[in-house]
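Asks: According to TrEMBL, the record shows the following:
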type	residues	note
DOMAIN	5-140	domain 'EamA'
TRANSMEM	35-55	transmembrane segment
TRANSMEM	70-87	transmembrane segment
TRANSMEM	99-119	transmembrane segment
TRANSMEM	125-141	transmembrane segment
DOMAIN	152-283	domain 'EamA'
TRANSMEM	153-170	transmembrane segment
TRANSMEM	176-198	transmembrane segment
TRANSMEM	210-233	transmembrane segment
TRANSMEM	239-259	transmembrane segment
């Protein structure tokens, strides 16, 4: 399947996941319980593909003897994904999608730079101008009033962005020797264990209105990340990830229209527009 088609599908699934998650957590305010159902669902639906890949590994994949560095990278990847998931869901319960999506563009800066440093990928002068624009995109939303810009939600969003940026880079390294489906499964499984620990004192069945959105979001999230990681197997991280993140402007618009996040629309759209321009410059290099 064409790499760019995989990226587009990943964007669609990821968008549905984000909107449904925000809509549910805005109502419930129980991010840790939502996290448990979401991650358990994603673990279950990714398990068959992981098993199949281990039984019939791709030619490039390490099958019987994993290099020692993989045994270091795997737990690091799991820890980063667990951190991202916890911070991301807590942010979603406090911060509007139209704000969190722009904050999340910071990961483009991080992944592009790490792609150059760690994988020897190239980014020309125009690309670096794009990186500067992505940083400047934070100025409009930094001026939003505290009633709109929840400070705790902001901290969670920034922490989630840092964690996912590093996780994506590690996972690209892992897919050099491990099938993407196995990498995805391990990330969800590890995060499910963390979610069980967070919910250890309240493991009762959640209300159906919380349960089913979490299940659907978990399916969408798992599908979206598997598609993204499959695209990264053959593509450049410094190009594919910015394209994937360019969907942030769509999430801003969707948050305004679908979730009625209509306070300070001009500032949100300005920030999203600057970020989109930065993405175009990065991708065009």
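Every residue gets a Cβ built from N, Cα and C, even glycine.
Keep in mind it's a predicted model, so treat the numbers as computed, not measured.
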Asks: Ranking 35-55, 70-87, 153-170 by the number of C-beta pairs under 8 Å to the transmembrane segment (176-198), which range is first?
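Replies: Maximum Cβ contact count belongs to 35-55.
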Asks: Same chain, outside the transmembrane segment (99-119) by at least 6, Cβ under 8 Å from its Cβ: which residues?
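Replies: Those are 18, 22, 91-92, 127, 131, 134-135, 137-138, 141, 144, 148-149, 153-154, 157-158, 160-162, 164-166, 168-169, 172-173, 236-238, 241-242, 245, 248-249, 251-252, 255, 261, 268, 271-272, 275, 278-279, 282, in sequence order.
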Asks: May I ask for the residues of the chain that lie six or more residues beyond the transmembrane segment (153-170) and have a Cβ under 8 Å from a Cβ within it?
Replies: 73, 76-77, 80-81, 83-84, 87-88, 90-91, 93-95, 99-100, 103-104, 106-107, 110-111, 114-115, 118, 187, 232, 237, 241
Asks: What are the helix, strand and coil residue counts for the domain 'EamA' (5-140) according to DSSP?
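Replies: Breakdown, helix to coil: 110 helix, 0 strand, 26 coil.
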Asks: Which residue counts does DSSP yield for the domain 'EamA' (152-283) in the helix, strand and coil classes, in that order?
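Replies: The composition, in the requested order, is 107 helix, 0 strand, 25 coil.
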Asks: Along the domain 'EamA' (5-140), what average pLDDT does this model show?
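Replies: Taking every residue of the domain 'EamA' (5-140) together, the mean pLDDT is 81.
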